[in-house]
Amino acid sequence: MDVSYILDQLNDAQRDAVTADSPGTLVLAGAGSGKTRVLVHRIAWKIQVEGLSPYSIMAVTFTNKAAREMRTRIEELLNNNVQGGMWVGTFHGLAHRLLKAHASEAGLPDNFQILDSDDQLRMMKRIHRELGLDDARWPPRQSCYFVNGHKDEGRRSAHIDDPGGDLYLQTMLRVYRRYEEICQQQGVIDFAELLLRALELWRDNPAVLSHYQQRFKHILVDEFQDTNAVQYAWLRILAGRGMPITAVGDDDQSIYGWRGARIENIQQFSKDFADTRIIRLEQNYRSTGTILSAANAVIQHNSQRLGKELWTSGEDGDPIALFAGFNEHDEARFVTDRIEELLKEDYRRADIGILYRSNAQSRVLEEALIRAGLPYRIYGGQRFYDRLEIKNALAYMRLIALRDDDTAVERVINTPTRGIGNATVETLRHYARDHQLSLWKAAVALVQSGGLAARAGNALRGFLSLVEDLAEKTAEMPLDEQVDYVLSHSGILDFHAREKGEKGQARVENLQELVSAARSFQPEDPEEDILRAFLDQAALDAGDQQADPHEDSVQLMTLHSAKGLEFPIVFMVGVEENLFPHKMSMDDPARLEEERRLAYVGITRAEQKLFLSYAESRRLHGQESFNSLSRFVREIPNELISEVRINNTVSRPTSFANGNLAAQAAAANGMALGQRVLHSIFGAGVVLSFEGQGPSARVQVNFEDEGSKWLVLQYANLQLL
Ligand SMILES: Nc1ncnc2c1ncn2[C@@H]1O[C@H](COP(=O)(O)OP(=O)(O)OP(=O)(O)O)[C@@H](O)[C@H]1O
Ligand SMILES: [Mg+2]
């Protein structure tokens, strides 16, 4: 059999890694050196040459998107359909699959549901109320952090030592215990719990473990540097004493330390897996020489490194462009202007990635993209399934699947408004707590016993029978009709349609989109209950489905979600001290190094062109700040960077509502580049640029008769034309 096509497009070191027959194989290499490619080709090799069945392979990727891509690439390579039972997915996705197959062994009800981070926070707030904790002193978010942090390390509340007189720990422990109890009672599990349960399932059920140990013949793990303690333990327990395992990773790209990821797992690997062969890849195939030199220069400032070389035989390419905006709007306009130019040069929108440090930065960029008529998609962040109206609709669907889902009850018991006030809900909560019941069962009991005032009782009865009715009427419908029916008969559609203006409109469109999503939904396992599978998918998916995936669109995402991806063009925006590195990480050397690795990840996403930009003044989370250029940019040698001058960006007049220019510019300097203005003495002209801020802000205007002049904005008294 001619299998040369599996090795043809690989260099020697990559071939070595693909064909290695060592029990443990660790590929340790920098960004863009072909680690993911090696994994894909290694799987093809295992199947085609070594004759492993796809059924006996497990591959772990970092995102659901990466899992889908991996599957497609293997299929392309093997020229066939390898659906045949191969397990490819994220740790969370695989753990979920495992728990569904063995719910009872894992101590879960068959229809357990996933609690996403928003739901988790909601539940935490309820627990705080129940325990009489004041949210100001005990932020519920902090409790989530506490619980998740311990779970990531594999610690349940029972494993935490008696905190003695430490009030903080005592309180957190009480919260953790109560949280565990309630989750168990309701049959819901959060993300960290998925992993921990999956680990405990194997640890405590030798029969289940041995089944999988016999089934799998090879485990492969991408982005190994970001595994946490529980994930690593899960791999180890499965691999047992002899299952071959291949891990690929890059210590310089470890960026999830804040979520419990442990770089040490890399060193641990060769100790734990006998006869590990370590293979290094040194040639980068992704980026231009300039981009690669910049990345290398930045990461060299870190002290904790295993140390790797990375070179490219490619061209140097363009210098890295650096743009200083007056504020975030100016920066966003620079981005959209450049994108428009690039699109004229034969690039497609999907070739362009815009990367930022914090989710909140996306809003201004989104607005600029919308204004410029440029379709875009966001990975992560405000995902389709995170949107309010979608969560409302899904809460009804979840209740149809499982009445005891308290989070869903809380969400829609009075949405749309049906006269169930806070007092009634509070009574319900008390009753549920006192009788150890779910909210739903408590509601049924209260309605039956007549324990409520007539009005409240009727309203509550209305809600209960609505849900029962929805369940009954839609039981036999195909999924999309079911969703459609629930949207109109629950009142959710009307409720959101009544919201004013664009927002209501957008919500209705999103709800309609949910029907389409249901129509095109196909469960991985056709035997499975489709509603259940759909709800699980909604909770798990990393937000890939918000826009039409086939439309050519600009890609927006945080630096964290960009890991493993590549784009011909990359804009890294907001490269400012306090934003990136993040101000929370500035004082801690270890966290600062993690921020630098994030910069390394960002830079190395770019194939051909890299644009960096920052804003001299920025309003974020409602606060104005003035930050200097990020140290990470200053760590790039000057000769690799070319500064973009502001005038270059004045390509078209910006339109915005009439008003007093000084006031607007004072609020947001530089909004009006290209704007035509009138001065009482110099006459009409066009705004060329701005300088400074506050009272010293100056504006440069090119007057038709008088030529270019600098004026102090505050006194210039310009009128918009
Ligand atoms: N031998 C090769 N010949 C040509 N192109 C290659 C070769 N190896 C890898 N590539 C290409 O280089 C790019 C980077 O490869 P890949 O994504 O596998 O790198 P990686 O090491 O996984 O990067 P990251 O660390 O960012 O995850 C991809 O476009 C890939 O197709
Ligand atoms: Mg990769």
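Using N, Cα and C of the backbone, Cβ positions are placed for all residues, glycine too.
According to TrEMBL, the protein carries these features:
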DOMAIN    8-288  domain 'UvrD-like helicase ATP-binding'
BINDING   ALA29, GLY30, ALA31, GLY32, SER33, GLY34, LYS35, THR36  ATP binding site
DOMAIN    289-564  domain 'UvrD-like helicase C-terminal'
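Checking the binding-site residues GLY30, ALA31, GLY32, GLY34, LYS35 for a CB within less than 6 Å of any atom of ligand 1 leaves ALA31, GLY32, GLY34, LYS35, listed in sequence order. Of the listed binding-site residues, namely ALA29, GLY30, ALA31, SER33, THR36, the sparsest CB environment within 10 A is found at THR36. Look at GLY32 (ATP binding site): DSSP puts it in coil. Within the same chain, residues at least 6 positions away in sequence whose Cβ sits under 8 Å from that of GLY34 (ATP binding site) are LEU10, ASN11, GLN14, LEU281, GLN283, TYR285. In the vicinity of ligand 2, defined as a Cβ distance under 6 Å, the following of the binding-site residues ALA29, ALA31, SER33, GLY34, LYS35, THR36 are placed: LYS35, THR36. Using a 10 Å Cβ-Cβ cutoff, LYS35 (ATP binding site) registers 25 neighbours. Of the chain residues outside the ATP site list ALA29, GLY30, ALA31, GLY32, SER33, GLY34, LYS35, THR36, ASP250, LEU281, ASN284, ARG286 have their Cβ within 8 Å of the site's Cβ mean position. Counting Cβ atoms from all protein chains shown, GLY32 (ATP binding site) has 25 others lying within 10 Å of its own Cβ.
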